[in-house]
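Below is one structure, written out as structure tokens, with a few remarks after it.
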Amino acid sequence: MAAHQEKKPEERKHKSTQNHTRTSQVQWGRAWEVDWFSLASILFLLMFAPLIVYYFIMSCDQYQCSLIDPVVDLLTEKKHLSDIWNKTPTLTYRAAGIYTLWVAFQVFLYVFIPDFCHKFIPGYVGGVQEGAVTPVGVVNKYEINGLQAWIITHVLWFANAYYFHWFSPTIIFDNWIPLLWCANILGYAVSTFAMIKSYFFPTNAKDCKFTGNFFYDYMMGIEFNPRIGKWFDFKLFFNGRPGIVAWTLINLSYAAKQQELYGEVTNSMILVNVLQGIYVLDFFWNEAWYLKTIDICHDHFGWYLGWGDCVWLPYLYTLQGLYLVYHPVQLCVANAVGILILGMIGYYIFRMTNHQKDLFRRTNGNCKIWGKKPEYIECSYMSVDGTKYYSKLLTSGFWGWARHFNYTGDLMGSLAYCLACGFEHILPYFYVFYMTILLTHRCIRDEHRCFSKYGKDWKRYTAAVPYRLLPGVF
């Protein structure tokens, strides 16, 4: 459910071999078999994740962002569930129209407008790019045009705000809960369609995984790379569009609402818009790199990605801006500068860690990291089609400090978003708590996969780089 992903610091090459083992199947994608703990976790998320999103948004709408007051009202019988539900805005034709146009516009930009940004923006990698090899040895091609879609969308947004005036800049905030129902409908619809598609017309039947457990297959997905036609790839579209393109628009709408209500935009709201805007732009600038992340390389497409990217990401990743509409915070200059510095240092670590990896990968190790020739661990693994691949796992630079040090930078940035909101309520801090759990779990999940994939070579790597996130601690 997140855009915060990682690709291992490796450079791959391969040669053919006749070996074809089931063991290699475990190295890719999600599980083949479901244990009781995984099933319990899946059922919990399927039942409660939508309620968690509703609870957070309802708390802001009806209780000024207090997470405690709704519980107190219910326990003291001051209110009943029906009272809270009856005050919740319902789905409206206006919201349905807005959301339909939004998604249709992003589909249009994704499928029908080939990227032209890479032709005139130095250093940007766009246009048709190859993804990583799939479990059965297929290398998919993608039209990388996310930055272009983001630019076009935001140019139109500002043109409307300052010239056309077709709609109010507060339109997203004003329809936030009705839009939530639209997002849920799309999330469940695309997840259900993806499951049906995997049974009756999969893009590549050999890249499907069936556990026989309906709930696990529905949530974690069956198809590895579901597509419609040549270019509409479900994972790339729903991971990046429409949720992440909307992220900055949502924050802009919050800022516009703050201006409308209080006559000014606070420096905390500006900080949230700037820091999260940098993160979003970084995502689209490096969209080609994203093709080699866990989401694309190892996750199947199911409810976890489909619903998560439609609902969880745009609604819970933007809680700081929503909170600041209800509780405007004007930071003193020292605090604002300190939070900005924390966020920028976190971004620097996040970006430079990934840059070191990509430089190492592009040059096959023929580069310098921190002024020295990089050190690495050579290893190999087997795909299900019997092809043997060779990798180099980087142990220099930030990758010598910790095996997931880019996540450390990510968490520093996440903390900065939350600190901008002050300390009056815990709600805006949900993001950093959630990201800490998510990224720690991702570390463990990814390393379990890497151990299955590389075996003794992975043990050599972890001996060389013993810490996951914090050198000397964890």
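For all residues, glycine too, the Cβ spot is worked out from N, Cα and C.
Copied over from TrEMBL, here are the features:
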type     : residues : note
REGION   : 1-22     : region 'Disordered'
COMPBIAS : 1-13     : compositional bias 'Basic and acidic residues'
TRANSMEM : 36-57    : transmembrane segment
TRANSMEM : 91-113   : transmembrane segment
TRANSMEM : 147-164  : transmembrane segment
TRANSMEM : 176-196  : transmembrane segment
TRANSMEM : 261-281  : transmembrane segment
TRANSMEM : 301-319  : transmembrane segment
TRANSMEM : 331-350  : transmembrane segment
TRANSMEM : 414-439  : transmembrane segment
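Listed stretches 36-57, 176-196, 301-319, 331-350, 414-439 were compared with the transmembrane segment (261-281); the greatest number of C-beta pairs under 8 angstroms is found for 331-350. Counting C-beta pairs under 8 angstroms (sequence separation of 6 or more), the transmembrane segment (91-113) fails to reach the transmembrane segment (331-350), with fewer than 3 such pairs. Taking Cβ pairs closer than 8 Å, the transmembrane segment (36-57) reaches residues 67, 70, 88, 176-177, 180, 184, 213, 215-216, 218-220, 303-304, 307-308, 311-312, 315-316, 319, 322, 427, 430 in its own chain, all 6 or more past its ends. Among the recorded stretches 176-196, 301-319, 414-439, the one sharing the largest number of Cβ pairs closer than 8 Å with the transmembrane segment (331-350) is 414-439. Here the transmembrane segment (414-439) has Cβ contacts under 8 Å with residues 1-2, 4, 56, 59-60, 65-67, 268, 271-272, 275-276, 316-317, 319-320, 323-324, 327, 329, 331, 336, 339-340, 342-343, 346, 404, 407, 469 of the same chain, all six or more residues outside its ends.
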